[in-house]
Amino acid sequence: MAVAVRTLQEQLEKAKESLKNVDENIRKLTGRDPNDVRPIQARLLALSGPGGGRGRGSLLLRRGFSDSGGGPPAKQRDLEGAVSRLGGERRTRRESRQESDPEDDDVKKPALQSSVVATSKERSTERPLFQDQNTDEKETPERPGPIFGLLMGTLQKFKQESTVATERQKRRQEIEQKLEVQAEEERKQVENERRELFEERRAKQTELRLLEQKVELAQLQEEWNEHNAKIIKYIRTKTKPHLFYIPGRMCPAPKLIEESQRKTNALFEGRRIEFAEQINKMEARPRRQSMKEKEHQVVVRNEEQKSEQEEGKVAPRTRVMLRALDDLVARVGTPSPRRGSGEEEEKEIPIVHSDAEKEQEEEEQKQEMEVKMEEETEVRESEKQQDSQPEEVMDVLEMVESVKNVIAEQEVMETNQVERVEPSENEASKELEPEMEFEIEPDKECKSLSPGKENASTLEMENEPEEKEEKESEPQPEPMAQPQAQSLPQPQPQRHRQSQSQPQQYSSPPPLSQPETLPLAVSQPPPQLIQRQGHLPPERKEFLVESVKLTEVPTEPVLTVHSESKYETKTRSRSRGRARNRTSKSRSRSSSSSSSSSSSTSSSSGSSSSSGSSSSRTSSSSSSTSGSSSRDSSSSTTSSSESRSRSRGRGHNRDRKHRRSVDRKRRDASGLERSHKSAKGGSSRDAKAVSSSGMPRFKPGQL
């Protein structure tokens, strides 16, 4: 504490010295000491009087003093001397003016040109006018010459004096103006210096007063510390007023002493802190504005750093979410539904009119899936580049939720399908066995079939789309009847899988890879699950054929298709418009391919039963007919009854055959190449399935 007092005293001495220097500068500039106080009488004289201060009142007072002779004798002498001096100066000025008046008048007065004017003489009326004129003429030559010269000389002299006077006056005015400007500048400079000095003096005085207060406070604090240092050895009572005492014997008293010392030390420390804060506040008054600006800058920097840290944390979080989403997609085997997940989940199921059209639609769906996969990979790459943006976190969370929903829906559909497949076997044995005949279109070498059979088969295949359209026009069932309808067997897609076992024996299969006719009775899942299976991995796409029974090949091909209007759900009714557009585009292709396949079906079936053209077909048919002979009669009766109903509309389709024959020829070539690929891919899988289980197992990927 003593050190603080010394430093404050040193600062106080320095401030006093600087104040003295400022006072000396003011004394030099103004001629008086700023610390001196003016006499009270001078102030009273200046303030009293009729004029009320300066001006005429002061002059009247001075006159009264000089006239009355009042006041102190020293003042009287000064006033008399001043008056005499002023009076003497005035007299000398007047005398000098009187002496120099003529000259000054010549200089100051404007020069006038003198002119001699002849006075008119009084003419007597007695003499005539012409006599007077004659006398004038006589007198003019007698005029003396020196008078005219004197006049001219005076005039010229006046003119010269006037010009000289004007030049002198101009020079004098210029000099006076320069002097006035210089005097004004000096006066302003003196005023500025004086103002600056007085401002500096005020600042020094305030600093001096502040230092004096600090020194005084420091001295008081030091005295207080000395006093408390003496008291600290004693015990302070808890009650007020506090008393300090010390016991004669120290029993438990040392504890009390320590506690008292601790409290007093805390009190001292608090007092020291308050003292330091007070001094800092006194020093920080001029710097308050600058400190506020610095604090504001620090706050702004901290906010910027926090925002940068938050942005840096968000980017890794988005990367982690994207990785988790990719893992889920890899487990399920479906493409990640980035951005367009809602569209893929809400994909509507098209209406299947015939097996040929269904195969064509499945191929189109595969192409669409490939295009979507490519688009989603591009979206993935673009989103990986934008991982640093915090907005992607919400998108990723939504995507993960959508993927989980899709997985849950698929699992529910699978469990429902397993439950529906078992009762469908019993129902299939009781109901009519649908028969569906497909055959690969023969090569150019195998085109020696009868035209009558071809026409009949084409008419049967063309009747199929019309029957489907008639069934679609029927009213949709209520939503409550959907679970019952979905439990019924649907043989069409499974027949596709069954028909894939024999396409390898031909060199030129049709565009849709339709194999030889095999009437099947298969428990088929509902079309919703078939549409879902397009997104599932191959392990979940397999369906076991529950009962496959081959019948004898009939002489006339029969085509039976169950109406699927009972199995349509609300989503399928919404998609009817889209399905019609899609089927109308592919109707020409499917009808031509179906007609050609049906014609080839009848010929190949006849040839297989009579001549045994294909050893593989005959072997498979002979092995399968032994197990299915019990149901031949029922299937033949049902097929004949259904063929009768279809034969009614054959007359309407004859006109279509001529129009579609041209399209069929064009698409034969493109369909051959496609069927080669599908036949090669499906043959190896079918052979494994037949050899392992005895019954063929088919996958939707072969369609």
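For all residues, glycine too, the Cβ spot is worked out from N, Cα and C.
Here the structure is a predicted model, which means the values were calculated and not measured.
As annotated by Swiss-Prot, N-acetylalanine applies to ALA2, with the evidence given as similarity to another entry.
According to Swiss-Prot, the region 'Disordered' annotation covers 46-148 (among others).
Positions annotated as phosphoserine by Swiss-Prot: SER96 (among others).
Annotation source Swiss-Prot lists phosphoserine at SER114 (among others), citing similarity to another entry.
If you look up Swiss-Prot, you'll see SER115 (among others) marked as phosphoserine, on the strength of similarity to another entry.
Annotated phosphothreonine per Swiss-Prot: THR125, in sequence order.
Summarising the annotation, Swiss-Prot assigns region 'Sufficient for PSAP complex assembly' to 223-285.
Long-range Cβ contacts of LYS240 (N6-acetyllysine) within its own chain (separation 6+, distance under 8 Å) are none. Reduced to three states, the DSSP call for LYS240 (N6-acetyllysine) is coil. Sequence annotations record features per position, and here Swiss-Prot assigns N6-acetyllysine to LYS240.
Per Swiss-Prot, the feature N6-succinyllysine maps to LYS240; the stated evidence is similarity to another entry.
If you look up Swiss-Prot, you'll see 284-314 (among others) marked as region 'Disordered'.
Summarising the annotation, Swiss-Prot assigns region 'Disordered' to 331-394 (among others).
Annotated phosphoserine per Swiss-Prot: SER354 (among others), in sequence order, evidence recorded as similarity to another entry.
Taken from Swiss-Prot, the feature phosphoserine applies to SER382 (among others).
Taken from Swiss-Prot, the feature phosphoserine covers SER388 (among others), and the record attributes it to similarity to another entry.
According to Swiss-Prot, the feature region 'Disordered' maps to 408-703 (among others).
The feature compositional bias 'Low complexity' is assigned by Swiss-Prot to 479-489 (among others).
In the region 'Sufficient for PSAP complex assembly' (223-285), the DSSP tally of helix, strand and coil residues is 41 helix, 4 strand, 18 coil.
In the predicted model, residues of the region 'Sufficient for PSAP complex assembly' (223-285) average a pLDDT of 86.
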